[in-house]
Amino acid sequence: MASFQIPVINLEVREVKDIVWEKIQEPVNQRRLILVIVSIALLLDNMLYMVIVPIIPDYLREIGSFDDGPTPPPLRDNITGKIIPVHHDHHGQDSATGILFASKAIVQLMVNPFSGGLIDKIGYDLPMMIGLTIMFFSTAVFACGSSYSVLFFARSLQGAGSAFADTAGLAMIADRFTEENERSQALGIALAFISFGCLVAPPFGGALYQFAGKEVPFLILALVCLLDGLMLLLVMKPVKEAMKQSKDVQDQVIPIWRLLMDPYIAVCAGALTMSNVALAFLEPTISLWMEDNMTTDNWKIGMVWLPAFFPHVLGVVITVKMARKYPQHQWLMAAGGLALEGFSCFIIPFCSGYKMLMLPICVICFGIALIDTALLPTLGYLVDVRYVSVYGSIYAIADISYSIAYAVGPIIAGGVVEAIGFTALNFLIAFSNLAYVPVLRKLRNIYDFKPFENEANILMQDPPNKEYQTYVMHDQKPVEGGVKNHLEYGQQYQQEQETNLDDQQYEYQQQQQGYQQGYQQDQGYQPGYQEQGGSYAPQGQPRVANPFQQQQQQQQQQQQQVQSRGPAAPANPFRQGF
């Protein structure tokens, strides 16, 4: 049976498949594809987290999980006729919504220590596939769930999937992008997708929930998760082969508790936790605060987060460019971002308009971008310099830092809002962020251990950069053809001179031989004549001894003695000097 031939390119499907598979297996394309897969996985995970912000409070009230009780009639001022707003008693809805939000982070916090160690042992591809599979099922359960208990189970299941997918994704980027600037840029792109998921998901979920129902946004995200898993199948085999080649490094795994005891890593982890405290406390509470003070439209409540995407991406770009020029000042960028978050939390409770509220939220997201983009590459750098370049446990610590904020934040936020109000909650967030800023000063000296500027970590299977030309160490000739080892070069050049000193000595001998010939012509015997029988006959004179000729004769005798002993050893092209 003849295979189908594609009309335009005149190639069979099998040939096209082989060409595409060969291109995918190239190291450069592998890294690009891995970055795309990890970015989609992080986008999906954060969209699943944030898409429920405008949906869950209204949906739980709709299915009757909470009862607001009898609504009192609106009060009117007898003089002006102005309607006085009535305080809504949510009957524990703040706390219950916060627990539902925090269930994902609590499970993720418990699974992360095990997922990080497992990733260090077996590689990155299989744990990431496990995470995507769990996230797919949790999203499907979210779409079909119609009670608080089912939604709680789906939310917790998503936390287990995130513990594998997020940690494996960040570790995979750090492992494949070993050069510091490339790693910062790749992690910056991944953080841009994280921000896109966090900030676009609320308007995405709110609009689809209001106009199409609760099931539609979750079914779309489940489809994206399935497609990302299929893309991961394309890189699983090559990545697994690479892990087998570096098995000797995998055996030197550093325990996660030992990394946590490192003071520099602990400071970075604390900063990542504090950077996410603001969003973790505000996300489950600001929607109810907006319903009481601004608007009850679900799409508007979700849309308040959308403009913050642009300053977040701007913060990522600025931090990547600044880190490339001033890597020793990344701690200062993180400190500035944390201070911006604290000042913005002071402003939020005093915002009286919908558009005014967008401004401090944008500044908060800009500060988060500064912190995350500066500290995530710093964690990989600390492991490279102080430990072994295995990244599962270190990025499990980063994921634990996020999980602590999102596990504790929603639960405490709901209780604080019910006890002392939304304004006091924002003040507590602001003071905690500003208090942690001086702690980041401990990171100011970590780049004293920075390698030489021209020294770079490369992957052995990557092709050489076209900016460089490889030369043989011996005679400075470009390497022709394929790559050879030192034994092959030794066989190729064994007939040539062994060292640069031999070349100089050989030139010296040639020069002295020419000098000797000139000496004989100039200083040699000019024939004298004696009259013998009416004719002149030449009469010889004794030749003056030439020290250079004697030296040459001695050297020739020594060479003959060496040749009589046997063949010389092969020349070593890497030996220099004597």
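Note: Cβ is positioned from N, Cα and C throughout, glycine not excepted.
Database features, via Swiss-Prot:
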type	residues	note
COMPBIAS	507-534	compositional bias 'Low complexity'
COMPBIAS	549-563	compositional bias 'Low complexity'
CARBOHYD	N78	N-linked glycosylation site
CARBOHYD	N293	N-linked glycosylation site
REGION	507-578	region 'Disordered'
TOPO_DOM	1-32	topological domain 'Cytoplasmic'
TOPO_DOM	54-98	topological domain 'Lumenal, vesicle'
TOPO_DOM	120-125	topological domain 'Cytoplasmic'
TOPO_DOM	147-154	topological domain 'Lumenal, vesicle'
TOPO_DOM	176-187	topological domain 'Cytoplasmic'
TOPO_DOM	209-215	topological domain 'Lumenal, vesicle'
TOPO_DOM	237-263	topological domain 'Cytoplasmic'
TOPO_DOM	285-299	topological domain 'Lumenal, vesicle'
TOPO_DOM	321-330	topological domain 'Cytoplasmic'
TOPO_DOM	352-355	topological domain 'Lumenal, vesicle'
TOPO_DOM	377-387	topological domain 'Cytoplasmic'
TOPO_DOM	409-413	topological domain 'Lumenal, vesicle'
TOPO_DOM	435-578	topological domain 'Cytoplasmic'
TRANSMEM	33-53	transmembrane segment
TRANSMEM	99-119	transmembrane segment
TRANSMEM	126-146	transmembrane segment
TRANSMEM	155-175	transmembrane segment
TRANSMEM	188-208	transmembrane segment
TRANSMEM	216-236	transmembrane segment
TRANSMEM	264-284	transmembrane segment
TRANSMEM	300-320	transmembrane segment
TRANSMEM	331-351	transmembrane segment
TRANSMEM	356-376	transmembrane segment
TRANSMEM	388-408	transmembrane segment
TRANSMEM	414-434	transmembrane segment
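In this model, the topological domain 'Cytoplasmic' (176-187) carries an average pLDDT of 78. A contact between the transmembrane segment (264-284) and the transmembrane segment (414-434) is present, since 3 or more of their C-beta pairs, 6 or more residues apart, lie under 8 Å. Tertiary proximity for the transmembrane segment (126-146) is limited to same-chain residues at least six positions away from its ends with a CB under 8 Å from its CB atoms, namely 37-38, 41, 44-45, 48, 52, 63, 115, 118-119, 153-155, 157-158, 160-169, 172, 214-215, 218-219, 221-222, 225-226, 228-229, 232, 236. Around N293 (N-linked glycosylation site), taking its Cβ as the centre, 14 other Cβ atoms fall within 10 Å, counting all chains. Contact between the transmembrane segment (356-376) and the transmembrane segment (188-208) is supported by 3 or more Cβ pairs under 8 Å, counting only residues 6 or more apart in sequence. Below 8 A, the CB atoms of the transmembrane segment (188-208) and the transmembrane segment (99-119) form no more than two pairs separated by six or more positions in the chain, fewer than 3 in all. Residues 24, 30, 33-34, 36-37, 40-41, 44, 47-48, 51, 55, 125-126, 128-129, 132-133, 135-136, 139-140, 142-143, 204-205, 208-209 of the same chain sit 6 or more residues outside the transmembrane segment (216-236) yet have a Cβ under 8 Å from a Cβ within it.
In the topological domain 'Cytoplasmic' (176-187), the DSSP tally of helix, strand and coil residues is 9 helix, 0 strand, 3 coil. The transmembrane segment (33-53) shares the most Cβ pairs under 8 Å with 155-175, out of the stretches 99-119, 155-175, 300-320, 388-408. Taking Cβ pairs closer than 8 Å, the transmembrane segment (388-408) reaches residues 49, 101-102, 104-106, 108-109, 112-113, 115-120, 124, 159, 162-163, 166-168, 170-171, 174-175, 178, 249-250, 252-256, 259-260, 265, 269-270, 272-274, 276-277, 280, 376, 379-380, 382, 457 in its own chain, all 6 or more past its ends.
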